[in-house]
Amino acid sequence: MKNLREKINESAEFIKSKIGTEPKIGLILGSGLGVLADEIEDAVAIKYEEIPNFPVSTVEGHAGQLVVGKLQGKNVVAMQGRFHFYEGYTMQEATFPVRVMKALGVETIIVTNAAGGANKSYVPGDLMIIKDHINLGGNNPLIGPNDKELGVRFPDMSTAYTPEYIELAKEVAKELGIDVKEGVYTYFTGPTYETPAEIRMVQTIGGDAVGMSTVPEVIVARHSDLKVLGISCITNMAAGILDQPLDHEEVIETTQRVKKQFISLVKTILERM
Ligand code: 6GU
């Protein structure tokens, strides 16, 4: 049986054999936000199912491919569609692509997601720069023996979201006239949305948004010593805030509505990284 490092290297070698550039920035594109990958120039798209050792995406609305090329003059690799723990992958499987990005030469990842607003001052359509996270998933992708070649046993999470990039993102948003929020992303495994009581807890403990992704990937990114920028698209208010039920349609509708802003924000940030 191949160990994790051998699997990572095998995947990375396969990808390297298909691409002409060395990506420095990795993009993980959330629900409805995969459109950003369509803007990549000189793009080479590689379906996840072609890549040795990659899990295969199951969720509709996710293209399920890596797109490698140039965006705003930067060499990037984008995940169009990601793997979620709630789909039945292990935490290690769901975060495997982050390790492969590191092996490709990536130094920074930009992680995006659709999230519910727990902070009552937020409205659907807001973009939120992630300043920190709370892991309420009751799990961690680093559980198990630690491979020192991949990272330390006890990674520091004091500055999980690179302060310099938080500042850059806020500066760019201001210049573009986008009223971004800055907040704490709270991870639940899903696939249920939270209950109103859970959302009251999130508010009490300092969470501003809730979602079902990103935190496992950021944990692995920090283990891999990658810099991180996280951006949430607040697609709906979390349970108990408005007098209406939650559904995935609203999530997709909102991402469609704000995708232009989202694209211009991320592209301008990329340009200045
Ligand atoms: Cl309200 N909760 C979670 N966990 N994920 C979401 C969401 C809510 N809205 C969009 N994604």
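Note: Cβ is positioned from N, Cα and C throughout, glycine not excepted.
Look at TrEMBL and you will find 24-271 tagged as domain 'Nucleoside phosphorylase'.
The feature phosphate binding site is assigned by TrEMBL to SER31, HIS62, ARG82, PHE83, HIS84, ALA114, SER213. HIS84 (phosphate binding site) carries neither a helix nor a strand DSSP state and counts as coil.
Following the DSSP three-state reduction, the secondary structure of ASN236 (purine D-ribonucleoside binding site) is strand. Summarising the annotation, TrEMBL assigns purine D-ribonucleoside binding site to GLU194, ASN236.
Residues ALA114, taken from the binding-site residues ARG82, PHE83, ALA114, are distinguished by a CB atom under 6 angstroms from ligand 1. Spacing of ASN236 (purine D-ribonucleoside binding site) relative to ALA114 (phosphate binding site) is 9 Å (Cα to Cα, whole number). For the pair PHE83 (phosphate binding site) and GLU194 (purine D-ribonucleoside binding site), the C-alpha distance works out to 20 angstrom. Geometry remark: SER31 (phosphate binding site) versus GLU194 (purine D-ribonucleoside binding site), CA distance 18 Å.
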